[in-house]
Amino acid sequence: FCENFIIQCCPWSRCCGGGDFRPRTVWLGHPEKREQRYPRNVINNQKYNFFTFLPGVLFNQFKYFFNLYFLLLACSQFVNELRLGALYTYWVPLGFVLIITIMREAVEEMRCFLRDKEVNSQIYSKLSTRGTVKVKSSGIQVGDLIIVEKTFVPDFCHKGSCFLRTDQLDGETDWKLRLPVACTQRLPTAADLLQIRSFVYAEEPNIDIHNFIGTFTREDGDPPVSESLSIENTLWASTVIASGTVVGVVIYTGKELRSVMNTSNPRHKIGLFDLEVNCLTKILFGALVVVSLVMVALQHFAGRWYLQIFRFLLLFSNIVPISLRVNLDMGKMVYSWMIKKDSKIPGTGVRASTIPEQLGRISYLLTDKTGMISCLRFLILKNVALHIYSLWRKPSQSASRAPGATKVRKTISSRVHEAVKAIALVHNVTPAYESNGVTDQAEAEQHYEDTCRVYQASSPDEVSLVQWTESVGLTLVGRDQSSMQLRTPSGQILTFTILQIFPFTYESKRMGIIVRDESTGEITFYLKGADVVMAGIVQYNDWLEEECGNMAREGLRVLVVAKKSLTEEQYQDFEARYVQAKLSVHDRSLKVATVIESLEMEMELLCLTGVEDQLQADVRPTLEILRNAGIKVWMLTGDKLETATCTAKNAHLVTRNQDIHVFRPVTTRSEAHLELNAFRRKHDCALVISGDSLEVCLKFYEYEFMELACQCPAVVCCRCAPTQKAQIVRLLQERTGKLTCAVGDGGNDVSMIQEADCGVGVEGKEGKQASLAADFSITQFKHLGRLLMVHGRNSYKRSAALSQFVIHRSLCISTMQAVFSSVFYFASVPLYQGFLIIGYSTIYTMFPVFSLVLDKDVKSEVAMLYPELYKDLLKGRPLSFKTFLLWVLISIYQGSIIMYGALLLFESEFVHIVAISFTSLILTELLMVALTVQTWHWLMIVAELLSLACYIASLVFLHEFIDLYFITTLSFVWKVTAITLVSCLPLYILKYLRRRFSPPSYSKLTS
């Protein structure tokens, strides 16, 4: 094992405790020696606790305007002078709404509690004086010595070092090498860490995930030993041990974790649809006040007119429907259930059931790169693609089968050998061996057992190249700091001494290696790098530029491989100059680069390699669907610029006929101004920009940059920090006013997901952190298309129809009350009392109205085939002031027709008015539901018949309000029929004429 320093242990945390962030001294294995109070290492995503649940839920409900309004209405009935009827007519509907809400919140809180408990109960191994003990994640303290084993690949630890995966923290898929503290490597066992007197002095917690400053001191040494610590000695939370077994001391916990400090606090998301409905209810309340004032004014403010105002406010309170909120909330629960039960997007979860309508109005989709790709890669080797395995295995036979072959054939064969050998040598890959149950690790490493071998590297591209050489017969079987072993298909082991390695850097864009073949003594310098730099290094040829262009158009990351043979004298001369340059104090980097460049001239071009990210299934069609739906896609990733650009091309995020503008690196205001001016001259051009340049632009030219970026068909932001991703989402919301959706699969995407109007987490190999923090979770990127095009669209259109119909239902009865009061000298007397007023909005009309959540204008297959239908929703037309006014006019017309018809046709007694008008009202509502429905569901028919049956059956118990003898007469039947036809038939005719002469877009697809 290796002994390393774990700076953070818990995968994620939202915690309690803490205070001001300060540097700390941490004694190894002695958490009781802490000099300050540290936060607990727990995760807590719950909104409430046991004591705050009920007050918190009630507060969140009554902060909405209409809920508070109905609470005041219900309370007013305790005042005798304001009472209009039985108390239950006001308190029962309000109580029903609150009970449904409390039950829903309780279920969501319980689910959240169980998820948190699962994470906080994860078991870790801790070193103690009693040996190795098991401890829960929530029990880990600063100063504990924790053992962390590899969780991704077989056990391997090369000379004390280990590899680390950081993709959930910073989005980079490259593995990082971590080094132990040197003096701890001399201890016989890990338990001896508890016997030494040593401590770590660490800097205060901060958000910088790329740097760390600290020292390690051992006091019981003679003399005391002190070593500096840097990022190379750390393991942040949300990272994964890829190799080795690590023993480390916990330095930060809870809210002091780097991953938590880079994560914004989750906000309580309120959907745009809910805000629009809240606005409409305020308009209705204004109408309620106006109507009440008009009624009192028509009485000439006689008597105690101020009490009359309050009585009219209570009398017309149905103008603001109390059932609106509960209908919408129950509808959201149905939409969430439909999403989870959709067999075509299995595994999809809904963690925020309050915003499904948001999915139907997304204008900007921001996605992480790894959310679209899988971990596998393909290698394509141009000019060295066919029959390589046979050439390696039988080179002599290949020549002997063609006795008349020219020297060209032999030249091609030798060039193939050189190209494959170069790819197998110029890399930073190390083979590792593990026990497979049959062969133990030592034996596997000794005999180079193929079934026990895995490859480790800082880049998955490097592993792909080595795996390809293995597939054609040349296998990397061993490597240490000074040598490398390759095995040919015949079993021969080729040993190469590593003389020099020149690592890849972002500035040089190339890496090189000088090796000596032990069998021949030949010294060769191999170099591979980006085509833009290698073109000036290799010898002149007529195919490099063309082939590089072809491969780039296929979305491949291209590397050019070349070699140069060196004599012993040439190498010795180079080494002397190289060592001298490395000893320089001034301009060391420049001098070293100059010496290396002296070798990089007139090199022999061997081959090109092209590595392609393997996309998840149907990523390209999904992006095409989103584009056709009017959604602009932005890719925010922590990867390098070249990698991000290639992925965007490969995924067709950038179409073939679109230009790409790569925003040059800028550091000053003037540079940003010049580059923005250059970008402004481009049209219909995708933008690629790095996180550093983005930060400069947003600092000096935020408005100008966002204006230009929003006009782009696609934007790629590379080298983005987690907080930058959230900042971009926030700026899009502020500058455009449009809805955003963020998609990610790693811990580095949590801030972006929580900041977006709608967050979608992709569950996969990078863990569940993103999906746990998201509003919706999916298992594959392709499911996003159906989630938006089908479920998002349906949820929004259904909620729009449902809300407007509930408003229509309330306005109808309020209009009838207004007509009734006007006819009877503006008296504040209720038209319907007791159970009639409660039953109207519950058992008589609730089921048919709520069945609108099952309605749909087109089939799901049509919605996926024609994503342009989604574009219509971005304008908010299903619920707008225009449609709201239309439903208000319909309500006033129907309420007036029913009330005036009943007053005109009633014979002698007042109860006849109630019977005729209420029956006509119920039938009108049922017929209006039928008029609104576009696709009938069998439950809709059941709801209609059930409601009608409930009304007819309840007439037996309503003799207090309705004359039972009268409703059995033919006179009652024809009067109700006539009134109902006059109120509904014109609307049916208008609907037919509209569909005939001005059909909506979806009707053309369903005909």
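Every residue, even glycine, has its Cβ placed from backbone N, Cα and C.
Curation plays no part in TrEMBL annotations; they are all automatic predictions.
Taken straight from TrEMBL:
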type	residues	note
DOMAIN	30-90	domain 'P-type ATPase N-terminal'
TRANSMEM	88-107	transmembrane segment
TRANSMEM	283-302	transmembrane segment
TRANSMEM	309-328	transmembrane segment
ACT_SITE	D368	active site, 4-aspartylphosphate intermediate
BINDING	D368, T370, D745, D749	Mg(2+) binding site
BINDING	D368, K369, T370, E462, F504, K528, R557, T637, G638, D639, R719, K725, N748, D749	ATP binding site
DOMAIN	772-999	domain 'P-type ATPase C-terminal'
TRANSMEM	806-826	transmembrane segment
TRANSMEM	832-854	transmembrane segment
TRANSMEM	884-904	transmembrane segment
TRANSMEM	910-931	transmembrane segment
TRANSMEM	938-958	transmembrane segment
TRANSMEM	964-990	transmembrane segment
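If you compare Cα positions, R557 (ATP binding site) sits closest to D368 out of the recorded positions D368, D745, D749. Sorting each residue of the domain 'P-type ATPase N-terminal' (30-90) by its DSSP state yields 31 helix, 0 strand, 30 coil. Calculated from their C-alpha atoms, the gap between R719 (ATP binding site) and D745 (Mg(2+) binding site) amounts to 17 Å. Here the candidates are the recorded positions D368, F504, G638, and by Cα distance the one nearest D749 (Mg(2+) binding site) turns out to be D368. Taking D368, F504, G638 as the recorded positions under consideration, the smallest Cα distance to D745 (Mg(2+) binding site) is found for D368. Cβ packing within 10 Å was compared across the binding-site residues D745, D749, and the lowest neighbour count falls to D745. Neighbour counts were taken as the number of other C-beta atoms within 10 angstroms of each residue's C-beta; across the binding-site residues F504, R719, N748, the minimum falls on F504. Ranking the recorded positions D368, R557, G638 by other CB atoms within 10 A of the CB puts R557 at the bottom.
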